[in-house]
Amino acid sequence: MSMKDLKISQLIVKHYFQKLNDVLNVDVAIAGCGPSALALATELAKNGRKVAIFEAKNEPGGGIWGGGMMFNELVLESELEWYLKEHHIKYKKEDEFIVVDAVHFASAMLYNATKNGAYIFNNVFVEDLVMYNERISGVVINWMPTIKEKLHVDPITVVAKFTVDGTGHPANLVRLLSKRGIINSVKGSSENLCSCGVVEYEFPMDAENGEKFVVENTKEIYPGLYVMGMAAVSVGGGPRMGPIFGGMIMSGLRAAELIEEELKRIETSEDKMWVRV
């Protein structure tokens with residue numbers, strides 16, 4: 001009797017379990033695996049941070065793959081040429097813009113994130129948040145098929161020093177707080193929310209201003225919870241920008257910068273419970 005089939009199953013179960021067990025306590029948990037998440041994860045993982053991305057779909061990469069209207073090319077501003085060179089991504093220059101093959105770009109982003117040590121879990125949905133002492137401290141996860149089929153199966157918890165909403169247009173994590181009235185508590189930031197406590201929706205297309213807006217609105221929206229990418233646009237009520245991805249990359253890099261600063265602050269602080277002082 002051949003043991004090859006058994007060994008294949010054993011190896012998959014063993015190594016997936018090891019991987020999942022390793023991320024139950026992380027520095028950063030990210031919901032959604034779009035370009036901002038990949039840029040953020042790559043930077044923090046390079047710094048030795050433990051980063052886990054949870055993507056509900058089977059194919060991580062967010063909106064990169066389809067380019068513009070399924071023309072699988074995408075555009076970045078020429079200011080991002082350094083980033084493409086640093087990550088060995090092929091591109092073509094056209095005036096003040098850069099054109100990149102969408103499939104190549106998505107593949108390269110995924111490769112660089114995982115090569116540097118970030119974990120990516122596809123088919124895993126972030127259904128809720130962990131909160132300790134009025135601070136977001138991780139995510140609650142379940143299999144996406146469980147959610148789609150509405151099966152009565154309890155989720156499990158991943159504890160994180162910082163959590164990031166990278167769910168794109170829906171801004172799922174922020175809305176989890178908004179619908180409970182938590183986002184407007186005394187410790188929450190409400191400057192870019194409606195007075196009624198409902199999160200704004202993104203405005204119509206305006207690529208130039210949308211690219212600026214997404215970076216400016218990448219921030220900590222509630223203690224322990226950051227927004228970036230299209231989630232930051234939706235939360236702030238900014239304009240969408242379509243198949244230009246410079247703002248997405250810069251948003252992820254901005255989030256990485258902000259979170260790295262906070263992680264260093266925690267390391268030098270006597271505050272061991274990750275609660276802001």
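Using the three backbone atoms N, Cα and C, a Cβ is placed for every residue, glycine included.
Annotated features in Swiss-Prot:
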type	residues	note
BINDING	Ser36, Gly63, Val126, His152, Val153, Asp154, Met230	NAD(+) binding site
BINDING	Asp154, His169	Fe cation binding site
BINDING	Arg240	glycine binding site
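Feature map: annotations from Swiss-Prot on the structure.
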residue	record	Cβ contacts under 8 Å, 6 or more apart
Ser36	NAD(+) binding site	Gly166, Met228, Gly229, Met230, Met248, Ile249, Ser251, Gly252, Ala255
Gly63	NAD(+) binding site	Gly34, Pro35, Gly168, Pro243
Val126	NAD(+) binding site	Ala29, Ala31, Phe54, Ala56, Val139, Val140, Ile141, Thr167, Asn172, Leu173
His152	NAD(+) binding site	none
Val153	NAD(+) binding site	Asn142, Trp143, Thr146
Asp154	NAD(+) binding site	Asn142
His169	Fe cation binding site	Glu202, Met230, Ala231, Val233, Ser234, Arg240
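Secondary structure from DSSP puts Ser36 (NAD(+) binding site) in a helix.
Mapped onto three states, the DSSP output places His169 (Fe cation binding site) in coil. DSSP assigns Val126 (NAD(+) binding site) to a strand segment in the three-state reduction. Neighbour density for Met230 (NAD(+) binding site): within 10 A of its CB lie 30 other CB atoms from the protein chains shown.
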